[in-house]
Number of protein chains: 4
Amino acid sequence: MQTLTDEILSQTIRIRPKESHKGTYGRVCLVGGNDHFGGAILMATEASVYSGAGLNTTLTDPSNFVSLHARMPEAMVADFTSQAELTELVAAANTVVIGPGLGTTTQSLHVLQTVFNTVAHNQTLIVDGSAITLVADKSLQLPDAQLIFTPHQMEWQRLSGIKIADQTDEANEKVRRELGGTVVLKSHQTKIYAPNGSYLNTAGTPAQATGGMGDTLAGMIGGFTAQFADQTNAVLAAVYAHSAIADELAEHQYVVLPTQIIHQLPQFMHDHQA
Amino acid sequence: MQTLTDEILSQTIRIRPKESHKGTYGRVCLVGGNDHFGGAILMATEASVYSGAGLNTTLTDPSNFVSLHARMPEAMVADFTSQAELTELVAAANTVVIGPGLGTTTQSLHVLQTVFNTVAHNQTLIVDGSAITLVADKSLQLPDAQLIFTPHQMEWQRLSGIKIADQTDEANEKVRRELGGTVVLKSHQTKIYAPNGSYLNTAGTPAQATGGMGDTLAGMIGGFTAQFADQTNAVLAAVYAHSAIADELAEHQYVVLPTQIIHQLPQFMHDHQA
Amino acid sequence: MQTLTDEILSQTIRIRPKESHKGTYGRVCLVGGNDHFGGAILMATEASVYSGAGLNTTLTDPSNFVSLHARMPEAMVADFTSQAELTELVAAANTVVIGPGLGTTTQSLHVLQTVFNTVAHNQTLIVDGSAITLVADKSLQLPDAQLIFTPHQMEWQRLSGIKIADQTDEANEKVRRELGGTVVLKSHQTKIYAPNGSYLNTAGTPAQATGGMGDTLAGMIGGFTAQFADQTNAVLAAVYAHSAIADELAEHQYVVLPTQIIHQLPQFMHDHQA
Amino acid sequence: MQTLTDEILSQTIRIRPKESHKGTYGRVCLVGGNDHFGGAILMATEASVYSGAGLNTTLTDPSNFVSLHARMPEAMVADFTSQAELTELVAAANTVVIGPGLGTTTQSLHVLQTVFNTVAHNQTLIVDGSAITLVADKSLQLPDAQLIFTPHQMEWQRLSGIKIADQTDEANEKVRRELGGTVVLKSHQTKIYAPNGSYLNTAGTPAQATGGMGDTLAGMIGGFTAQFADQTNAVLAAVYAHSAIADELAEHQYVVLPTQIIHQLPQFMHDHQA
């Protein structure tokens, strides 16, 4: 297991070519936010936008449209209960993030199934939060896409069947191979199990231990995978940046809010591009 | 009566252990905000989030969901008119704050009764604002929980039966013993009557004399009691911090707004942790 | 005609007494904001809150509740189409501001008439914007209250019957005496006709020439008259502060937005209290 | 083809005359923002307000009113589905911006047709985004107004019939003459084809390659043309300022968000006025 350092940032965050346009930096769909957990998809969306993804569309419950626009006019919105909109927008995306605030209702399951039925092999799909719970509880068949799972330990227990106490690297890696893709196992020291090896994130601070951090990380992984070619590096850089920014803020703050991390992204990424 | 100093901060605000997660820092439910006083529950919620509580859910009138998310995506929302949601979420909380913007209608009373019927002995319940008025007016039986009352002088008159002119320490302490729990009696010099003694807060500034300060304090007490083991110290530290931050801001401001105090919390708490 | 200087600030903005509470600093009702001009009443409300008024309630179209709370949880809201709410809240206020974004529909007129029928001799009533137009167009009888009119030149023409070209000090003062109260005649150099004399404001900048400045001034006059005993000085200080803050911002800005002026109020007032 | 420098700023951004009022700085109508693309018209509106236009009204889907007011109380709103409101407000404007987030539905077309039927020879009309697509797809007849088109390369292909690979200056200029007015052809180096010649903008950064930049530019062109007499210079200065601000921000940011550019406008324009 390799420990992440800030080298992963300079290996990943590329100086942007002069001749480029928003299409160069990817199209992200963020799917989630029912009528109770709207904040989760707002944070995921903001994280993707501030990461630099070229185009961001949030598929959510219409009750979240106004709060999203009030915070972030840069994102577009669509109704995730519309099968037609969901299918069209997901099919056109480079990266899809599903799960933040999605919930576990019948409607949530329907949205998730539609996304799974729509994504294709060349698309990156980040499966987060309640989407992981739904996959586990409903034994859903995973789609053929570039899968990235972002469970915390209890969600990983649900998905992998491995109890928290038994979540050894070997056991985790075995299930990852069966699932395919990459697993970001979140805890106070997040581990990333990727096709090319496993990684330990020792950055981060207990000041981050507050609701919304996972939603923010999911959005950042969305933004990074949409922009940067090497998908594993993109995941690793997002995980590391998320913690490293929190570490910087925690030098002056007792608690670090997710939206405060998000707002630091443009400057942090600038200082670590190469 | 002991005068509070900034020692209460370092005695209370603990350096966070490295191995911790959001569950370590408590689950707060904030209940209030009818269709006229939504701002009150927004400020209480923001105060709890910026204090560092791990998970925050706001039970309020659905008309307040959008404004809350627009300001604070870190908080979750639920409908306080749904008996099922209210019961489930309150039962799962460590700390419950009830009262900011709750109002005194039949609906307000129904919400309050449901909370009183739900909370258990090991839960902290902060009774603020119109919840105090309802308890007094309807002679409600208090639940068996760790009670913290946060009346201003007129609300205390209603609750205790002691007229403002007669609110001596002795009389106040006598009623506190009957009520159980802790009383935060707000005035330009707030007094705290706790099971282990009584305390005087001489910090604070007339620049704070503006609507929403009490809602903010209630939310801070919510956030502090959810995180810090000694409940009396948590209350004292919240009261002191609320005034001390205002004092700092008043060095440069004629009026200090509640939300400005809230935004200083992460840095202030950082500087006083031990 | 006396030219205003920053002496009016130190004569008006009093160092707050230590023993005081939000009631000490007045209760302001701001009435306006139909379904098209919600922004106007939002700015007036923010100006009153940031001026330091103790309690602020915005009576407006319910469609403006969410945007107001999203910006300013410190203010309370009520529905100006409810005769009962309007009457009760206006009767309880020290200062009432009516007009920003009120419109000139039948509903607007009804709201205005209710306010006129409710206010009493000891209350300050600021008549702004479309409320002035309605008074002129409908030849409304003015209530017995401490009246402050804040017309721009065209509104003054409507109210006074004096054409803009003929608005001499003598003519203006004559009508002011007939109306009673104070007239703040807004132009690039605002003139104030008060019972004790007339005043010229030479502060201000063309960077301020943008929509919403008048709404902001009306809210500031609301906040100042609610707090400061001498009502004429309160008006003069609000007019001067509004321009002086803009002058400071215009040292670095081509245009100065109303909300930027508002946000400077606490610091500006701090620096000029005495 | 002439390369733009910051000289265009000082030639255009005039020191404001002391005796002026908001009417001096123009009346802008911004038309767009359906129920999915509300963010686009919010950004355009903010750009116009921060540019210093005297009065700004946003004609949009009513679902966007609350988010607009929450961000920007300085702007007024009206319902673009109301033929009466649309006609009255557009007729009263100096500059009309149509297109950001307008969409391409039957409703969008109806709104566009109403605007085309309303504007007159002396009004400036900026045709942006989906309005360009509609003009092309529906072969709409252009109104007799001061036309400014702001297509990106694909939209220009649709409007001009010239494939992207064939968009030479000569071909572009030929179509511009047929259309009348000015064409702002957006790419990583934007070209402006105006009646008096053509211009190249070499300012700008790939950090700007994110959604909403075009909406922001359209709003800035709206604000600049409303204030500055020479309409070609106003367009050139807006294009240059948009990129130059981004260049400054990109010295410290990996990505530059549209709203961040907007917020720099007052200071940037201050530093370049003459």
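Every residue, even glycine, has its Cβ placed from backbone N, Cα and C.
TrEMBL lists D:Lys186, D:Ser187, D:His188, D:Gln189, D:Thr190 as AMP-binding residues, and of the candidates D:Gly211, D:Gly212, D:Gly214 the one it assigns to that same site is D:Gly214. Residue pair D:Asp215 ((6S)-NADPHX binding site) / D:Lys186 (AMP binding site) shows a Cα separation of 12 Å. When the binding-site residues D:Ala40, D:Gly101, D:His152 are ranked by how far their Cα is from the Cα of D:Lys186 (AMP binding site), D:His152 comes first. On the backbone, the CA of D:His152 ((6S)-NADPHX binding site) and the CA of D:Ser187 (AMP binding site) stand 6 Å apart. Cβ contacts within 10 Å of D:His152 ((6S)-NADPHX binding site), excluding its own Cβ and spanning all protein chains shown: 20.
Note: the Cα of D:Thr190 (AMP binding site) and the Cα of D:Ala40 ((6S)-NADPHX binding site) are spaced 20 Å from each other. Neighbour density for D:Lys186 (AMP binding site): within 10 A of its CB lie 24 other CB atoms from the protein chains shown.
Less than 8 angstroms from a Cβ of chain A: among the binding-site residues D:Lys186, D:Ser187, D:His188, D:Thr190, D:Gly214, that describes D:Ser187, D:His188. With a cut-off of 8 Å between CB atoms and residues at least 6 apart in sequence, the same chain places D:Gly204, D:Pro206, D:Ala209 near D:His188 (AMP binding site), listed in sequence order. Counting only the Cα atoms, the space from D:Gly101 ((6S)-NADPHX binding site) to D:Ser187 (AMP binding site) is about 19 angstrom. Long-range neighbours of D:Gln189 (AMP binding site) (same chain, six or more residues apart, CB within less than 8 Å of its CB): D:Leu200, D:Asn201, D:Thr202, D:Gly204. Here the Cα atom of D:Ala40 ((6S)-NADPHX binding site) is found 18 Å from that of D:Ser187 (AMP binding site).
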